Amino acid sequence: MPLNRTLSMSSLPGLEDWEDEFDLENAVLFEVAWEVANKVGGIYTVLQTKAKVTGDEWGANYFLVGPYTEQGVRTQVELLEAPTPALKRTLDSMNSKGCKVYFGRWLIEGGPLVVLLDVGASAWALERWKGELWDTCNIGVPWYDREANDAVLFGFLTTWFLGEFLAQSEEKLHVVAHFHEWLAGIGLCLCRARRLPVATIFTTHATLLGRYLCAGAVDFYNNLENFNVDKEAGERQIYHRYCMERAAAHCAHVFTTVSQITAIEAQYLLKRKPDIVTPNGLNVKKFSAMHEFQNLHAQSKARIQEFVRGHFYGHLDFNLDKTLYFFIAGRYEFSNKGADVFLEALARLNYLLRVNGSEQTVVAFFIMPARTNNFNVETLKGQAVRKQLWDTANTVKEKFGRKLYESLLVGSLPDMNKMLDKEDFTMMKRAIFATQRQSFPPVCTHNMLDDSSDPILTTIRRIGLFNSSADRVKVIFHPEFLSSTSPLLPVDYEEFVRGCHLGVFPSYYEPWGYTPAECTVMGIPSISTNLSGFGCFMEEHIADPSAYGIYILDRRFRSLDDSCSQLTSFLYSFCQQSRRQRIIQRNRTERLSDLLDWKYLGRYYMSARHMALSKAFPEHFTYEPNEADAAQGYRYPRPASVPPSPSLSRHSSPHQSEDEEDPRNGPLEEDGERYDEDEEAAKDRRNIRAPEWPRRASCTSSTSGSKRNSVDTATSSSLSTPSEPLSPTSSLGEERN
């Protein structure tokens, strides 16, 4: 099946204000997800970062509904009394009938109100509700699948809550219920089955069957049309889960996915074309470092260098000033996340650097949590040796400084032969002896429980990257999430990313991809693929992604070997960049953070909610998408300072000046003039055209005023703003032809 990329009709900056005429005074939004105040995966990040923008739009009429977990409530939620009489009556009614429902405020930016349903306390009704689910939806749930049983309990409790809230409300409300993922989907199906007056939205962040198929080494994207979905789900013993997901997708008034690539996947696996694509954003303010992100990179890199000094003690025969730090991070899905491709490319990169006599060294980190039982003793010893050497050096330095001070105080130059005594030399020799090491530095920082069958370690043994002195590429596998309290690498994830030079995410299955997005907003170049939602989004909106530090690896139309070769080419060309070029590229990368801000991507969610309201309450709301001229489409321009040929960006002299290497002064251009990133950004923005907003929404009820939200007012700036929700309904049809 051909998977052609199509541009959005109106994309990006310079947009006029969105004249949103929806009156939300009598509308209430409930966002339902298993990961509300309950960190499990990426949906938690979506909800957490989007909460402020959604709260600005809906105000006190915005609520999140999730499961009650003791850990989550203790650390993330402040329990409160219900703020309205209708809500208080709803909670009291449910609690009096054997449920346990809690209300509070989620302690994140925006402070959204949350309703937490205790799933375990309602287990007494599980069998009855499973019977009702079978009678209503013909979906049977086996007793042994605890996660699916929890989904049934959560779905029935959610529907009970929404129905009770509508019954207890004295005025007629227009309720929107937005359900995320299959774990919350049963509630949506029951809302429709019980004919509750609720506008429903279902968002799938990744299809169940797609994730299972890709993990099984299937040629997924070339066979989407050919899968017997019922058979495939049954063979993997997830048929009941698949039915939950598919039923929710078909029952929803509006069905959305997080990326164009997932929209195509949903069309064939869930048998419904998504109405809108709702890309995931980030709270860019959280990562904002003003103009100091270059300095933050240097500070964070210094923390990583300290770890490297300890880890490679005894084999530290490479120059840390000429060392680049690459990393891959995420869930430990060896093939889906592209760790197999990355390792193969590192082996080829190692060969290229060695045969070309490069002085550059690459340290590649794999941050993927796996089953371990403790830290590696050699790794701990390395950090202890490093700290001991540092203490020894400081002791000698203090003694040397004191003698130098005394000598200068009396007006004479010191005798250098007497500055250090025999004890000092003995101390230093002991320190040098402590750095002697017979074995190679360890590849893994922890003791793995299944060392012999671990896919990363098995591949490393095959390709022979053992951190030997001859290798220009070193590998460090850190099978645990990063923490600032770790005795090995005491940095949190954000600080670690800032200190690296390149994030590598060659995923085969990645519906969106928050890791490269986080790199972008922190000004760190990254490699993504055209099979990830993020990669497709950036490829669609940027004329020359690589010039901005966004490298898009082709895994759609290339074989695995060709993809490895292309990734090797990306890595090798990055290693050939000068420090000056990397500084300029980081500036450009950081500028793209505007593309990923919820202030702009939040419009897609707003459009989905307005579409749902118009479908559920057509007598009060209308939603009329207008076709836009394809010529209005816009892609972020190529940077004005990028030369037409890479050869023109090389130095005429093999040596760089100190001015060029100082990020505080800014790098020099080829003619010797100072490079000004703000001036370059202004040039880009002058090229931006302002396409007309392609659709209008309105409210036909007899209310006087309309509620302008902060998301709309933010568009008066000239930052990069997506103009319309990407509707895959037409483009998916084109891709089938």
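Heads up, the Cβ atoms here are built off N, Cα and C, so glycines get one too.
In the three-state DSSP scheme, Thr515 (UDP binding site) is classed as helix. Positions annotated as UDP binding site by Swiss-Prot, on the basis of similarity to another entry: Lys39, Arg331, Thr515.
For His501 (alpha-D-glucose 6-phosphate binding site), the same-chain residues 6+ apart in sequence whose C-beta sits under 8 angstroms from its C-beta are Leu324, Tyr325, Phe326, Ile524, Pro525, Phe574, Arg582. Residues or ranges marked as alpha-D-glucose 6-phosphate binding site by Swiss-Prot on the basis of similarity to another entry: His291, Glu292, Gln294, His297, Lys301, His501, Arg582, Arg586.
Look at Swiss-Prot and you will find 658-681 tagged as compositional bias 'Acidic residues'.
Sequence annotations record features per position, and here Swiss-Prot assigns phosphoserine to Ser8 (among others) based on similarity to another entry.
Annotated phosphoserine per Swiss-Prot: Ser11 (among others), in sequence order, evidence recorded as similarity to another entry.
Annotation comment: Swiss-Prot describes Ser412 (among others) as phosphoserine, evidence class similarity to another entry. Long-range Cβ contacts of Ser412 (phosphoserine) within its own chain (separation 6+, distance under 8 Å) are none. Under DSSP, Ser412 (phosphoserine) is assigned to coil, being neither helix nor strand in the three-state scheme.
As annotated by Swiss-Prot, phosphoserine applies to Ser641 (among others).
Marked as phosphoserine by Swiss-Prot: Ser649 (among others).
What Swiss-Prot records for Ser652 (among others) is phosphoserine.
Taken from Swiss-Prot, the feature phosphoserine applies to Ser653 (among others).
The feature phosphoserine is assigned by Swiss-Prot to Ser657 (among others).
The phosphoserine feature in Swiss-Prot is assigned to Ser698 (among others); the stated evidence is similarity to another entry.
As annotated by Swiss-Prot, phosphothreonine applies to Thr700 (among others), with the evidence given as similarity to another entry.
As annotated by Swiss-Prot, phosphothreonine applies to Thr721 (among others), with the evidence given as similarity to another entry.
According to Swiss-Prot, the phosphoserine annotation covers Ser727 (among others).
Apart from Lys39, Arg331, Thr515, the UDP site neighbourhood in this chain, defined by C-beta within 8 angstroms of the site C-beta centre, holds Gly41, Gly42, Thr45, Ala329, Gly330, Tyr514.
Lys39 (UDP binding site): 14 other CB atoms within 10 A of its CB, across all protein chains. Looking only at the binding-site residues Lys39, Arg331, Thr515, the one with its C-alpha closest to His297 (alpha-D-glucose 6-phosphate binding site) is Thr515. Counting only same-chain residues six or more apart in sequence, the Cβ atoms lying under 8 angstroms from the Cβ of Arg586 (alpha-D-glucose 6-phosphate binding site) belong to Phe293, Gln294, His297, Gly523, Ile524, Pro525, Gly549. In space, Thr515 is the closest of the binding-site residues Lys39, Arg331, Thr515 to Lys301 (alpha-D-glucose 6-phosphate binding site), judged by Cα positions. Per the record's binding annotation for UDP, residues Lys39, Arg331, Thr515 show a top Cα-Cα distance of 16 Å.
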